[in-house]
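So the structure is just underneath, and the comments pick up after that.
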Amino acid sequence: MEYIRILKYLVQKNVSSVFSGKSQQKLNSVDMDGIVNFLAETNEVIVMTGAGISTNANIPDFRSESFGLYNRLQKYNLPHTTAVFTLKYFKENPAPFYDIAHEMYPVLQNAKPTITHYFIKLLDQKGKLLKHYTQNIDCLEELAGLEGKKTVQAHGHIKTGTCLGCQKSFDFKFLKDKVIKNEIPRCNECSETIKPDVVLFGESLPKEFWNFTSDFSKCKLLIIIGTSLAVQPFAGLAGQVDLNCPRVLINRDQIGDSEMLGSFLTNLFHLNPEFGSTSNTHRDVFLEGDCDKICLQLAEKLGWKEELLKLMDENNRNIEEKKSKI
Ligand code: CNA
């Protein structure tokens, strides 16, 4: 282990110095103000998001210490923590997955987009958003008004489900009605289990995801929000931008600091940003804290705060009105 740590340090230092020798700093300052000034002048922004942008909508993420879903899985006596979200285990025993879904569906149904979702929508309104790549399955970006073609839902979504047997498709209402009654949704044709169209571990990602090279090669600023960047291949997208492209992480926790070999390889090939590292200071900025607070701060510094709050207020009122008519 010690050997790997030393090797990792030497290789990182070496690779970083080679890159930093050729690197061109595009930010006036490698901090929030540098990002704000750069963003004011830049279009072709890509935003990568994870479950952290929806925790303020009361939707738990995976890994947060008290609130995260992983913490609630002990009672299922699983072979390993993530088993409930793997295709193999789901096929053998969908009950724990649907037990969690039973708890989560009412939350998902009532959730409203957060300031962060509206900040992404505003980036689009300002003509700055090239694409939003999300791991989230809650579709809150859509509820915030972001057009479908602007988002790549890399891990699928909960809007539909598919029968594992005959592949028949089912809508959200069908699934929700069963899940809320604590039933496992079964196909009305062949009686096989229906799986929501979320990507479980062991499944391939949707084909829109695999067009990432054309987006990421154009990217001028990468904003990563509310994710532990622990899930591949999504996490590797962070390494797909140009070596000089500024990257900002807005997150409650520092990430990418694992001693695992997987992390060693991703760092070696610069797949993951080195936020907070002293060896890669010319382009990576870590803004630590709650993403809604930080997005609001960014909006204020950009002179967009009033617009952001108005957008959120009006849209949330429309959502309420639509729900009251259902
Ligand atoms: P994760 O591994 O749970 O990481 C979430 C990260 O967000 C952590 O680093 C937290 O510290 C951080 N965070 C949490 N709340 C905030 C906040 N308010 N402000 C700033 N940072 C915050 O989740 P990832 O998205 O990285 O993992 C990928 C999984 C989670 C994907 O496969 C998703 O499908 C899955 N997931 C999605 C949802 C959703 O759709 N809302 C919910 C739960 C899990």
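Here the Cβ of each residue, glycine as well, is placed from N, Cα and C on the backbone.
Automated prediction, rather than curation, is the source of TrEMBL annotations.
Here TrEMBL flags 25-305 as domain 'Deacetylase sirtuin-type'.
Sequence annotations record features per position, and here TrEMBL assigns NAD(+) binding site to 51-55, 61-63, 135-138, 227-228, 251-253, Cys291. Other Cβ atoms within 10 Å of the Cβ of Asn136 (NAD(+) binding site) number 27 in total over all chains. Under the three-state DSSP scheme, Asn136 (NAD(+) binding site) falls in the coil class.
Taken from TrEMBL, the feature active site, proton acceptor covers His155. Within 10 Å of the C-beta of His155 (active site, proton acceptor) we count 23 further C-beta atoms, all protein chains included.
With a cut-off of 8 Å between CB atoms and residues at least 6 apart in sequence, the same chain places Cys163, Gly165, Cys166, Lys168 near Cys190 (Zn(2+) binding site), listed in sequence order. Taken from TrEMBL, the feature Zn(2+) binding site applies to Cys163, Cys166, Cys187, Cys190.
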Listed binding-site residues among Ser54, Phe62, Asn136, Cys187, Thr227 whose Cα sits within 10 Å of His155 (active site, proton acceptor): Asn136
Additional residues around Zn(2+), ordered along the sequence, whose Cβ is within 8 Å of the centroid of Cys163, Cys166, Cys187, Cys190: Leu164, Gly165, Gln167, Lys168, Asn188, Glu189, Ser191, Glu192, Ile194
Inter-residue Cα distance where the pair is Phe62 (NAD(+) binding site) and Cys187 (Zn(2+) binding site), in Å: 29
Cβ under 6 Å from ligand 1: qualifying binding-site residues of Asn136, Cys166, Cys190, Thr227: Asn136, Thr227
